[in-house]
Amino acid sequence: MADVRKLKNYIDGEWVESKTDKYEDVINPATGEVLCQVPISTRAELDQAAVIAEQAFEKWSQVAVPRRARVLFGFQQLLIQHKEELARLITLENGKNLSEARGEVQRGIENVEFAAGAPTLMMGDSLASIATDVEAANYRYPVGVVGGIAPFNFPMMVPCWMFPMAIALGNSFILKPSERTPLLMEKLVELFSEAGLPKGVFNVVYGAHDVVNGILENEIIKAVSFVGSKPVGEYVYKTGSANLKRVQALTGAKNHTIVLNDADLEDTVTNVISAAFGSAGERCMACAVVTVEEGIADEFLEALRTAAQNVKIGNGLDDGVFLGPVIREENQKRTIAYIEKGIEEGAKLTVDGRETGLSEGHFVGPTILEDVTTDMTIWKDEIFAPVLSVIRVKNLQEAVRVANQSEFANGACIFTNNAKAIRYFREKIDAGMLGVNLGVPAPMAFFPFSGWKSSFYGTLHANGKDSVDFYTHKKVVTARYSLKGYEE
């Protein structure tokens, strides 16, 4: 293991060796190869980064907004130039196929593009006359030092929800990437620095509990953005809020897809396969449950099973591979346990992904469990793997009632050509992001990622205008200017 590279933290524009004696292996989930080791940094290192970020904020927040935007535009151009390299890094440490990784890089670039619109986004508003000789104006100011806690499943897209917008609006930032996928962040830091970002404005501290707690407790840090599981998200929200921080926590999901009798069969099957099994099901917008009307159920499920059985599984760097590995061996074992729990509770296993025939890596094949009911563990829990539950329903109303029983409410989709059904779905479903005749309704950067219920803790979501509000304070100035002496 002596030749395995140990990653360093990025503080004050320099790569700094961690003071910790604890390191974790970063593993290629498709092969088991150790790619590098990541430090489990100390609380003191996080606190040091906070001091540096606070000092950098004092200068960066005073930089003219158009100049800050130019740095973001430069960063965006460098990301485009290095798109293929970034995609390969994602596949190497995360496992998703190269096509999906390229798509993730593109979404990250789009988030940087949106953030580069800071001169417009920072604009306030005003009213010239609120009373005699009195006017009022509303100004935006950055909140200060911001902390971000990012997950493994989208190592580029999710951090790019966070730090580009926060920094473009004048804040400084400390990011804790996932310890499972840290390599990509090295490259992003390099490119952001090359684009002209001053030292100390963006800092990266790898770690686990101590670093998370530092972000939540350090008084210098004024706001925290989190994406991850529900239990951790609840902890982040409660702890950060108790320490008087502004917090947004995007958490778990159990997304339902409704298939009505008039759905286009081929198109629906293609979309459901991609939504359920793409990225190995490790995404908070994955299709986890299909509720299908009885009239189309037999034909739809036969086609769905056939398509699932024909999915190519393997290393995401190999040509033609659709489904890569889950992130770790423990995730693989956990997924298999869920499948077996579903069988034990009465679900019918019609496509079995427990055995893939691959000798290396942490793979689970496409899995379909039918005759699922809402009292089953596999319906209730977020499995975060390529496992799809199927429920037959009599009509749209029943499908909506089933979906609305879930504690999660991130996304939901419907496949139909009936305008009335679409309107009913839109009005009655409890979810923040809806798809009509598409499988993954993740919004573009200029719309909020708007989960409901246990899928989100906070008030202001990531992305869109919400993110501008999250990363800025508002200051309303009311002024009296008498025109006495200027009478005509």
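Heads up, the Cβ atoms here are built off N, Cα and C, so glycines get one too.
Swiss-Prot lists A150, F152, K176, E179, R180, S229, E382 as binding NAD(+), and of T132, T251, T257, T356 the one it places in that same site is T251. Counted over all residue pairs in A150, F152, K176, E179, R180, S229, T251, E382, the record's binders of NAD(+), the longest Cα to Cα distance measures 23 angstrom. Around E382 (NAD(+) binding site), the same-chain residues at least 6 positions away in sequence with a Cβ under 8 Å from its Cβ are S229, K230, G252, A253, K254, A288, F408. Between the C-alpha atoms of E179 (NAD(+) binding site) and C284 (active site, nucleophile), the distance comes to 19 Å. Counting every protein chain shown, the Cβ of F152 (NAD(+) binding site) has 21 other Cβ atoms within 10 Å. The subset of binding-site residues (A150, F152, R180) lying with their Cα within 10 Å of the Cα of C284 (active site, nucleophile) is empty, i.e. none.
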